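Structure first, then comments.
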Amino acid sequence: MAVGKNKRLTKGGKKGAKKKVVDPFSKKDWYDVKAPAMFNIRNIGKTLVTRTQGTKIASDGLKGHVFEVSLADLQNDEVAFRKFKLITEDVQGKNCLTNFHGMDLTRDKMCSMVKKWQTMIEAHVDVKTTDGYLLRLFCVGFTKKRNNQIRKTSYAQHQQVRQIRKKMMEIMTREVQTNDLKEVVNKLIPDSIGKDIEKACQSIYPLHDVFVRKVKMLKKPKFELGKLMELHGEGSSSGKATGDETGAKVERADGYEPPVQESV
């Protein structure tokens, strides 16, 4: 029998020695997430990212992050069924500057509107804003009983549904095509587009619960820091993006009157 050292015993050092535990959070930094100036509450939260190490830069890891925030948190409001997606486009110091990336209705709101004895009408359209953002807007509306109606059901005829859908697409296209992204978001916050559609379709068939239920961002123009700074209420010459904690409030309450239609 060959006499020698047992390599397996000596190799591992002290048997049962515990590995040194390193706290992963010691290598990470907190960054503030800033919403654009269209919203009342600018500081929407904090995010965690691994500190810059060698070629791996922390700010590159943050760019492209999408945050989904309830409109109630952004506007300090009670109405909480709209969710806005904000994407990080640039990092200035410890601030992540975000831009609009999409909108959605909450699942419970959508389910609460779908009922029996009424017609659900949906439409979608792809539109480009004046500053080059391509958006896909989805709209939903429901028929309602007329004032003196006795019958339980309020179903629209197929021809009426087509007319309403056409009107929905026309209004959505007009409202987005003639405005830039900032103005479109200002219309989505109180959902004035939905109110416009409801008023315009009144002569075809009375509608209720008309909402732009979803907005998708399909294409963006080339990133410009100056434009992002303007969205955050700062001039392009400014270097830091601290900004105020509050933005400008969009005043369009329930009593909002849409413009009068020339032709229906």
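Including glycine, each Cβ sits where the backbone N, Cα and C put it.
It should be emphasised that the depicted structure is a prediction, and the values quoted were computed from it without experimental measurement.
What Swiss-Prot says about this protein:
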{"type": "MOD_RES", "residues": "Lys34", "note": "N6-acetyllysine"}
{"type": "CROSSLNK", "residues": "Lys34", "note": "SUMO2 cross-link"}
{"type": "MOD_RES", "residues": "Lys56", "note": "N6-acetyllysine"}
{"type": "MOD_RES", "residues": "Tyr155", "note": "ADP-ribosyltyrosine"}
{"type": "REGION", "residues": "232-264", "note": "region 'Disordered'"}
{"type": "MOD_RES", "residues": "Ser236", "note": "phosphoserine"}
{"type": "MOD_RES", "residues": "Ser237", "note": "phosphoserine"}
{"type": "COMPBIAS", "residues": "242-255", "note": "compositional bias 'Basic and acidic residues'"}
{"type": "MOD_RES", "residues": "Lys249", "note": "N6-acetyllysine"}
{"type": "CROSSLNK", "residues": "Lys249", "note": "SUMO2 cross-link"}
{"type": "MOD_RES", "residues": "Tyr256", "note": "phosphotyrosine"}
{"type": "MOD_RES", "residues": "Ser263", "note": "phosphoserine"}
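The candidate set comprises the modified residues Lys34, Lys56. Of these, Lys34 has the most other Cβ atoms within 10 Å. The CA atom of Lys56 (N6-acetyllysine) is located 23 Å away from the CA atom of Lys34 (N6-acetyllysine). Rounded to a whole value, the Cα-Cα separation of Tyr155 (ADP-ribosyltyrosine) and Lys34 (N6-acetyllysine) is 46 Å.
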